[in-house]
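What follows is a short report on a single structure.
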Ligand code: ATP
C-alpha cells in the first residue's frame, strides 16, 4: 500500500515488480545524459507496450506530457520515492559463506542507497575478519547490533536449517525486510516483508526451457 497525499492507494503487485526495471533503465538514461523520452521509446527499452507503461506510471502521478514524453530525472526521483530508496537503508548480512562473501564484495548496493554495515557468522574462524571493509561479528551480538544501528534490512545467506530461527530473532530486534537466499520459504509476521531468492529455482526453470535441446 502506498500513501499519496493522505489518500491510500493500492498498487498491483505486477506493477511493483516492474518498477525496479524501470528505475534501473532510467538511471542508465540519466548517466547517458538523456533528458526526456516518449512512452513508446521507453516502453521499447523496458520491454512493455506504451499503453501498459503509461498505465503503470499513472498509479504514481501524471508524469508524462502530451507531445513531450517523460522527464527522465523527475520520473527517476519519483520512482525512487515510491520504492523508498531516496531514504537510505541500513543492512546486515548473516552467513559469511561463499554466497555471503560474494554479496559483501558487491559494490552495487551502496550506489542505490543500501548500506551494508556488518556481517554475522557462527564460525569463530570467520568472526573478526574484515571483508571489503565490513567486519564479521559473532552471531550472538546481532540483536544488540540491530537495535543500536537502526538496521531495517537483513540479508540471509545461512543454510536452510538456520534461516527461520535467525529471521525470527532479527525481526524481534526490529528488522522490517529480509532478503532471503536460503532455500526455504520464510514465515514472517504482518508488517515484515521478505523477498526469497531461490537461486537454483532459476536454474531449474532454465533447465525446463532448454531440456529439449539437451543431448
Ligand atoms: P554458501 O552456501 O553461501 O556457498 P558455504 O557452502 O560456504 O556457503 P554454508 O554451510 O551454506 O557454507 O553456510 C554459510 C555460512 O553460514 C557459513 O559461514 C556458516 O558458518 C554460517 N552459519 C551457519 N549457521 C549459522 C547460524 N546459525 N548463525 C550464523 N551463521 C551461520
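Cβ coordinates come from backbone N, Cα and C, glycine included.
Lifted from TrEMBL, the feature list:
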{"type": "DNA_BIND", "residues": "21-60", "note": "DNA-binding region"}
{"type": "DOMAIN", "residues": "84-185", "note": "domain 'CoA-binding'"}
{"type": "BINDING", "residues": "95, 96, 97, 98, 99, 100", "note": "NAD(+) binding site"}
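Residues 2, 4, 9, 11-12, 15, 68-73, 75-76, 78-80, 82-83, 85 of the same chain, all 6+ positions outside the DNA-binding region (21-60), place their C-beta atoms under 8 angstroms from a C-beta of that stretch. Counting other C-beta atoms within 10 Å of each candidate's C-beta, the binding-site residues 96, 99 are led by 96. For the domain 'CoA-binding' (84-185), the model's average pLDDT works out to 95.
Looking only at the binding-site residues 95, 97, 100, the densest Cβ neighbourhood within 10 Å occurs at 95. Excluding 95, 96, 97, 98, 99, 100 themselves, the residues of that chain whose CB lies within 8 A of the CB mean position for the NAD(+) site are, in sequence, 101, 102, 103, 121, 157, 158. Helix, strand and coil counts under DSSP for the DNA-binding region (21-60) come to 29 helix, 2 strand, 9 coil. Secondary structure counts, DSSP: the domain 'CoA-binding' (84-185) has 36 helix, 29 strand, 37 coil. The Cβ neighbour count for residue 98 (NAD(+) binding site), using a 10 Å radius and every protein chain shown, is 9.
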